[in-house]
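Novice: Residues or ranges marked as Ca(2+) binding site by TrEMBL: 13, 14, 16, 18, 27. Annotation comment: TrEMBL describes 77, 206, 210 as Zn(2+) binding site. What TrEMBL lists as transmembrane segment is 28-47, 59-78, 90-108, 120-137, 143-159, 171-188, 208-227.
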Ligand SMILES: CCCCCCCC/C=C\CCCCCCCC(=O)N[C@@H](CO)[C@H](O)/C=C/CCCCCCCCCCCCC
Ligand SMILES: [Ca+2]
Ligand SMILES: [Zn+2]
């Protein structure tokens, strides 16, 4: 039984040919396409810190986990080791869990919890701990399970799209859902259609997944903050801004705290 640290000790191997450019980097493009995680993670943390300090400092955990996920994904693709795979997938699990515990609107809580967020968060922690142990039983299905959670997040967001009258929120949901759909299509194509992609000598879809899914993070943070504020901070206004300039045709969305509504 090879060591969990050993190169290619994971049962998962992506479509990109291995060790094409270096004996130290198994999948070159899949390794370095994670760089956007190291840009968006710290940048979004900096841009959204006024919101984080008003809403919940636990959001720093989510933002840090996003950056750490990119680091573990880089290590995973560099080595294709079992340790790399598990670090990557467990980081994603806890990233999603932190988002669920802070931002899932109470109306989606299981009925037996009532509207009690602290009891709900305790349930999320228990489920995440159990899932962490279960992830070692059939590691090859972990990523599919994590994508199924992603699909649930999209479902929640689409339900909120139907409820809201906020045109800017609707636009952000439309854009992020298209980005996520393109990302997931790239991910599943790399997994299931690798022989075709290798035949046409284009086996870089998983690298495209990394870049596209990293873009869902800024959009996801803004969407969930706007949705959450309608339920949890109805008297506060959030302003959507775009980095580096609002006036630029393309930019990274983030939220700023607006002036409080003074209820008379
Ligand atoms: C109410 C719930 C709030 C939850 C908010 C969470 C938002 C998280 C946003 C982005 C997370 C990106 C994580 C990407 C993982 C990158 C590492 C990677 O590629 N790992 C692969 C191996 O290298 C592995 O095979 C991937 C496994 C699948 C990961 C599934 C992630 C689901 C992300 C769902 C994003 C929904 C965004 C919704 C936008 C409105
Ligand atoms: Ca490979
Ligand atoms: Zn990857």
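Just so you know, glycine gets a Cβ as well, placed from its N, Cα and C.
Walk me through where these features lie, including what they touch and how far apart they are.
Specialist: DSSP gives residue 13 (Ca(2+) binding site) a coil state; it is part of no helix or strand. Taking a C-beta cut-off of under 8 angstroms and a sequence separation of 6 or more, residue 13 (Ca(2+) binding site) has the following same-chain neighbours: 80.
A helical conformation is recorded for residue 77 (Zn(2+) binding site) in the three-state DSSP classification. Sequence-distant neighbours of residue 77 (Zn(2+) binding site) (same chain, 6+ residues apart, CB-CB distance under 8 A): 14, 26, 27, 30, 31, 34, 84.
Residues 14, 16, 20-22, 60, 63-64, 66-67, 69-71, 73-74, 77-78, 204, 206-208, 210-211, 214-215, 217-218, 221, 241, 243, 252, 254 of the same chain lie 6 or more positions beyond the ends of the transmembrane segment (28-47) yet place their CB under 8 Å from a CB of it.
Beyond its flanks by at least six residues, the transmembrane segment (59-78) meets 10, 14, 24-27, 30-32, 34-38, 40-42, 44-45, 48, 51-52, 84-85, 87-88, 91-92, 94-95, 98-99, 102, 210, 214, 217 of its own chain at Cβ-Cβ distances under 8 Å.
Proximity of distant same-chain residues to the transmembrane segment (90-108), defined by a Cβ-Cβ separation under 8 Å and at least 6 residues beyond the stretch ends, is recorded for 55-56, 58-59, 61-62, 65-66, 68-69, 72, 115, 117, 120-121, 124-125, 127-128, 131-132, 135, 146, 149-150, 153, 156, 160, 220, 224-225, 227-228, 231.
Long-range contacts of the transmembrane segment (120-137) within the same chain, counting only residues at least 6 positions beyond its ends with a Cβ under 8 Å from a Cβ of the stretch, are 86, 89-90, 93-94, 97, 100-102, 104, 106, 109-110, 113.
When Cβ-Cβ distances below 8 Å are used as the criterion, the transmembrane segment (143-159) is approached by residues 12, 89, 92-93, 96, 99, 104-105, 108, 173, 176-177, 180, 184, 187-188, 220, 223-224, 227 of the same chain, each at least six residues removed from its ends.
Among residues of the same chain six or more beyond the transmembrane segment (208-227), those with a C-beta under 8 A of the stretch's C-beta atoms are 30, 33-34, 36-37, 40-41, 44, 48, 51, 55, 66, 70, 73, 99, 103, 105, 153, 157, 160, 164, 166, 169, 172-173, 175-176, 179-180, 182-184, 186-187, 190, 238, 240, 252-255.
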Novice: Around residue 18 (Ca(2+) binding site), how many other CB atoms lie within 10 A of its CB?
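Specialist: 15, counting other Cβ atoms within 10 Å of residue 18 (Ca(2+) binding site).
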Novice: Cα-Cα, whole number of Å: residue 18 (Ca(2+) binding site) versus residue 210 (Zn(2+) binding site)?
Specialist: 18
Novice: Looking at the binding-site residues 16, 27, which one has the fewest other Cβ atoms within 10 Å of its own Cβ?
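Specialist: Among the binding-site residues 16, 27, the sparsest Cβ neighbourhood within 10 Å belongs to 16.
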Novice: Relative to the Cβ of residue 206 (Zn(2+) binding site), which residues of the same chain, six or more apart in sequence, are found under 8 Å away?
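Specialist: Listed in sequence order: 14, 15, 16, 27, 30, 33, 186, 187, 190.
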Novice: Give me the count of other Cβ atoms within 10 A of the Cβ belonging to residue 210 (Zn(2+) binding site).
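Specialist: Around residue 210 (Zn(2+) binding site), other Cβ atoms within 10 Å: 24.
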Novice: Around the C-beta of residue 14 (Ca(2+) binding site), how many further C-beta atoms are within 10 angstroms, looking at every protein chain?
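Specialist: A 10 Å sphere around the Cβ of residue 14 (Ca(2+) binding site) contains 23 other Cβ atoms.
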